[in-house]
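Asks: Sharing a structure below in structure tokens format, with a few things to ask.
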Amino acid sequence: SFEFKALFSLCSLGNVWGNEKIYSDNITRILDRLLDGYDNRLRPGSGAVSFLGFYLHYNNIMFMPQEYTMDMFFRQMWVDERLKFEGPIEILRLNNRMVDKIWTPDTFFRNSKKSISHNMTTPNKLFRIMQNGTVLYTMRLTISAECPMRLMDFPMDGHSCPLRFGSYAYTSSEIIFTWRKGPVASVECPKESMSLLQYDLVGQTLSSEIFKSNTGHYSVQVVHFHLQRKLGYYLIQTYIPLIMVVVLSQVSFWINKESVPARTVAGITTVLTMTTLSISARQSLPKVAYATAMDWFIAVCFAFVASPQEGLKRRNHSVSRSEQGRFRLQPIFLQQGSAIPQIPQLAGTSPIDAYARILFPLTFALFNLVYWYIYLVKDTMEKPR
């Protein structure tokens with residue numbers, strides 16, 4: 001019985017080994033037949049227009065001023081009639097060594113600043129051939145691309161960052177690029193990549209266009225990534241401190257008008273604090289030649305903080321002039337037994353302070369209402385160009 005089981009096991013192993021050898025021999029013959037007479041210098045369907053399908057799957061994306069970097073799987077699919085085959089399998093799953101032996105598209109990214117193809121621990125490429133000659137070619141890439149940003153609505157701004165790619169040498173009369181899964185499902189993004197540190201990725205728009213140059217017209221695929229900047233950081237670091245400084249600057253209206261040193265110290269302190277906050281806020285955005293939404297807010301807050309000092313200056317000037325006229329040394333003649341007349345005293349609150357205590361906070365509240373209504377209601381997302 002034991003000898004029979006051992007003999008049966010050996011026969012089974014022999015059959016498996018024999019089947020595997022037959023299978024591998026068939027695959028080898030298929031590959032040899034496909035490559036026999038194949039010229040990888042010629043594109044498929046020479047003399048006719050070839051169609052290439054694309055779809056993207058990106059894992060991570062990071063945005064910086066005027067550019068962004070993304071890690072993605074870039075998938076290309078096309079039909080090569082010369083690679084049709086018949087055999088025991090429907091799909092030939094091959095490694096990256098096969099890529100150099102057949103024709104592949106010369107796709108490049110038109111607005112990229114730097115592109116990296118991953119090669120650890122082996123070139124990150126997937127290559128498959130179907131029985132009908134359809135070829136699937138996938139690469140893992142890291143691309144840094146340009147993203148022109150207009151920051152006039154900063155930090156309530158939204159941006160549309162493009163990614164453009166197409167053939168480097170073949171014109172639209174030779175190769176037409178298409179989205180493999182249509183304009184909706186051809187770009188895949190995991191949910192964990194939708195929320196970034198400074199932005200929310202609210203979606204993407206896919207399109208196709210023709211790029212015209214001196215050497216011909218080229219088919220180009222375009223993806224626009226739509227970003228909305230997160231406001232929380234700037235609320236905590238800039239807006240709330242600015243509002244608090246403006247509120248504190250109103251303290252000078254409640255100080256006795258004769259306490260000029262106290263008013264001056266309070267005013268200078270708030271002005272210096274406002275200056276420090278504005279410098280710190282400006283460091284968080286690129287050097288642009290126009291005013292942003294944050295710049296306008298800082299400027300108005302600075303005007304509110306400086307206005308009590310200007311009012312104090314004018315009030316002291318008018319008081320000094322009036323006091324010169326009111327208080328002149330004049331002889332006082334008293335009769336024996338009469339009381340000494342009282343010297344007139346200045347009141348502790350001036351009419352200007354009384355009005356400012358009401359108008360100042362109301363005006364600042366009205367400004368905030370208009371400011372936040374404009375920038376939170378209006379659509380600040382840039383339109384694709």
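The backbone N, Cα and C atoms fix where each Cβ goes, and this holds for glycine too.
Pulled these features from TrEMBL for this protein:
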{"type": "DOMAIN", "residues": "28-230", "note": "domain 'Neurotransmitter-gated ion-channel ligand-binding'"}
{"type": "DOMAIN", "residues": "238-306", "note": "domain 'Neurotransmitter-gated ion-channel transmembrane'"}
{"type": "TRANSMEM", "residues": "231-255", "note": "transmembrane segment"}
{"type": "TRANSMEM", "residues": "288-306", "note": "transmembrane segment"}
{"type": "TRANSMEM", "residues": "354-376", "note": "transmembrane segment"}
Asks: Are there residues at least 6 beyond the ends of the transmembrane segment (231-255) whose Cβ is under 8 Å from a Cβ of it, and what are they?
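Replies: For the transmembrane segment (231-255), the far contacts come to 155-156, 198, 262-263, 266-267, 270, 273-274, 277, 280-281, 284, 294, 297-298, 301, 304-305, 308-309, 312, 353, 356-357, 360-361, 364, 368.
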Asks: Counting only residues 6 or more past its boundaries, what in the same chain has a CB within less than 8 Å of a CB in the transmembrane segment (288-306)?
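Replies: Sequence-distant neighbours of the transmembrane segment (288-306): 151-157, 234, 238-239, 242-243, 245-246, 249, 267, 270-271, 274-275, 277-278, 281-282, 360, 363-364, 367, 371, 375.
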Asks: Please list the DSSP helix, strand and coil residue counts for the domain 'Neurotransmitter-gated ion-channel transmembrane' (238-306).
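Replies: For that range the per-state counts are 54 helix, 0 strand, 15 coil.
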Asks: What average pLDDT does the predicted model assign to the domain 'Neurotransmitter-gated ion-channel ligand-binding' (28-230)?
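Replies: That region's mean pLDDT is 89.
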